[in-house]
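Database features (Swiss-Prot):
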SIGNAL    1-23  signal peptide
DISULFID  Cys31-Cys40  disulfide bond
BINDING   Gln50, Tyr51, Arg81, His82, Arg85, Thr88, Arg165, Asp211, Lys301, His361, Asp362  1D-myo-inositol hexakisphosphate binding site
DISULFID  Cys71-Cys414  disulfide bond
ACT_SITE  His82  active site, nucleophile
CARBOHYD  Asn105  N-linked glycosylation site
CARBOHYD  Asn207  N-linked glycosylation site
DISULFID  Cys215-Cys465  disulfide bond
DISULFID  Cys264-Cys282  disulfide bond
CARBOHYD  Asn339  N-linked glycosylation site
CARBOHYD  Asn376  N-linked glycosylation site
DISULFID  Cys436-Cys444  disulfide bond
Amino acid sequence: MGVSAVLLPLYLLSGVTSGLAVPASRNQSSCDTVDQGYQCFSETSHLWGQYAPFFSLANESVISPEVPAGCRVTFAQVLSRHGARYPTDSKGKKYSALIEEIQQNATTFDGKYAFLKTYNYSLGADDLTPFGEQELVNSGIKFYQRYESLTRNIVPFIRSSGSSRVIASGKKFIEGFQSTKLKDPRAQPGQSSPKIDVVISEASSSNNTLDPGTCTVFEDSELADTVEANFTATFVPSIRQRLENDLSGVTLTDTEVTYLMDMCSFDTISTSTVDTKLSPFCDLFTHDEWINYDYLQSLKKYYGHGAGNPLGPTQGVGYANELIARLTHSPVHDDTSSNHTLDSSPATFPLNSTLYADFSHDNGIISILFALGLYNGTKPLSTTTVENITQTDGFSSAWTVPFASRLYVEMMQCQAEQEPLVRVLVNDRVVPLHGCPVDALGRCTRDSFVRGLSFARSGGDWAECFA
């Protein structure tokens, strides 16, 4: 893929909390690309948890993400999060009210706080930002180029969860995919453009493997909220005290401090200068504070939708069983979150394709990653102390579900192997498979991979959803 060096926070590799300086302004051609994603201001922007833009982890992959010599990909599937969005409507109202309150009560706006005096909250709500749209265009380009032996001759089957921003993401992916295909002189002529073939409702009563919501006990769980509150209390009070001292007259809650930190990402990705200018909200906090913020987001995902929640991985079981069906060209066997009407029809769940793309949200993807056992090597995350990426065995919210994240599942036929091999990449990082005899390149044979997904094939702990 011709990747270049990636500047990542040093703490991710060593736990050290100081790093290299990042220039105040970067040219888009060097810091925001199809191959590498968003490398602008990486010492800060890669610490935004799930609010980080997609950035490639190819150079963080111990195993090369390139297709091994002597192998050809015979099946490829991408599961993508939607692109960068504006704050949700409910959060946006809270952000706006907080800024207005600061403007009304602060008696001084000195130095790095000066922008707050006249800052006008005018961000949209819920939908993709223009930057987020381009992320998905780039994703479609990259998917086409990576799997061009397939994409030149095959129209992918595409599904989307029912949210407008997820559907829009799928359409932008198609735009990038098809524009690249039309420029490829070796592409098979006369093929139709891809389209979103299935949109799955996100109504609370609907079965939706891309965005499950019918497991009552899980939906009522407050575990992640408790973990979030407890870890917030370990690092935010000192920030709050500093902000209140610097903004005389202002009184903040710990939650409001994290809102100001959220604004660093949202204000940056909502502007046309996303590649050359970092939001002034970002400078209100230190590098160490961003490390804690990033870890806080990882805790929320791990204890909300991952293995830290007793029913977290079970929410991804339906999708795992759909993947098994696609890999083996056999009917879906699942009684959890799958939609039997859709999955039993070749029109809405074909079993004979070799190229698939699905679009969803971060929470559902986290559950799917754990249902597939990709982070079985991750021990329960400490709820009191920041752990680096080595200690978490490669898990963090920024490394798994940034905006426009992508999970690639590949099946390949290799000259030295009789059986097809399966491997998985998360944001260009090869994640060695668990639960099956894995080779030096992180792969298992298809049949052993399927056997290893016994948790998914047995329905996980779905019976506990309604206890």
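Backbone N, Cα and C define each Cβ position, glycine as well.
Annotated features taken from Swiss-Prot, shown on the structure.
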{"residue": "Arg81", "record": "1D-myo-inositol hexakisphosphate binding site", "contacts (Cβ under 8 Å, 6+ apart)": "Ser169, Phe359, Ser360, His361, Asp362, Ile365, Val401, Pro402, Phe403, Ala404, Ser405, Arg406"}
{"residue": "His82", "record": "active site, nucleophile", "contacts (Cβ under 8 Å, 6+ apart)": "Leu128, Gly132, Leu136, Ser163, Arg165, Val166, Ala168, Ser169, Phe359, Ser360, His361, Phe403, Ala404"}
{"residue": "Arg85", "record": "1D-myo-inositol hexakisphosphate binding site", "contacts (Cβ under 8 Å, 6+ apart)": "Asp126, Asp127, Leu128, Thr129, Gly132, Arg165, Phe403"}
{"residue": "Cys264", "record": "disulfide bond", "contacts (Cβ under 8 Å, 6+ apart)": "Thr44, Trp48, Leu278, Ser279, Phe281, Cys282, Leu284, Phe285"}
{"residue": "Lys301", "record": "1D-myo-inositol hexakisphosphate binding site", "contacts (Cβ under 8 Å, 6+ apart)": "Gly49, Gln50, Asp362, Asn363, Ile366, Ser397, Thr400, Val401"}
{"residue": "Asn339", "record": "N-linked glycosylation site", "contacts (Cβ under 8 Å, 6+ apart)": "Ile200, Ser206, Asn207, Asn208, Thr209"}
{"residue": "Cys414", "record": "disulfide bond", "contacts (Cβ under 8 Å, 6+ apart)": "Pro68, Gly70, Cys71, Arg72, Leu421"}
{"residue": "Cys436", "record": "disulfide bond", "contacts (Cβ under 8 Å, 6+ apart)": "Cys444, Thr445, Ser448, Phe449, Arg451, Gly452"}
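Among the recorded positions Asn105, Cys215, Asn376, Cys465, the residue whose Cα lies closest in space to that of Cys40 (disulfide bond) is Asn376. Cα-Cα distances to Cys215 (disulfide bond) place none of the recorded positions Cys31, Asn105, Asn376 within 10 Å.
For Cys465 (disulfide bond), the same-chain residues that are 6 or more apart in sequence and have a Cβ closer than 8 Å to its Cβ are Thr214, Cys215, Thr216, Val217, Phe218, Leu311, Thr314. Secondary structure from DSSP puts Cys31 (disulfide bond) in a helix. The Cβ neighbour count for Cys31 (disulfide bond), using a 10 Å radius and every protein chain shown, is 22. The two recorded residues, Asn376 (N-linked glycosylation site) and Cys31 (disulfide bond), show a Cα separation of 33 Å. Asp362 (1D-myo-inositol hexakisphosphate binding site) counts 20 other C-beta atoms within 10 Å of its own C-beta, drawing on all protein chains shown.
For Cys444 (disulfide bond), other Cβ atoms within 10 Å of its Cβ number 23. Following the DSSP three-state reduction, the secondary structure of Arg85 (1D-myo-inositol hexakisphosphate binding site) is strand. Put simply, Cys31 (disulfide bond) is 39 Å from Asn105 (N-linked glycosylation site) when counted between their Cα atoms. Asn339 (N-linked glycosylation site) carries neither a helix nor a strand DSSP state and counts as coil. Neighbour count (other Cβ atoms within 10 Å of the Cβ, all protein chains): 20 for Cys71 (disulfide bond). Max Cα-Cα distance over the annotated 1D-myo-inositol hexakisphosphate binders (Gln50, Tyr51, Arg81, His82, Arg85, Thr88, Arg165, Asp211, Lys301, His361, Asp362) is 20 Å. Under DSSP, Cys414 (disulfide bond) is assigned to a strand (E or B) in the three-state scheme.
Summary: among the recorded positions (Gln50, Asn105, Asn207, Cys215, Asn376), the fewest other C-beta atoms within 10 A of the C-beta are counted at Asn105. Taking each of the recorded positions Cys40, Arg165, Cys282 in turn and counting other Cβ atoms within 10 Å of its Cβ gives the largest count for Cys40.
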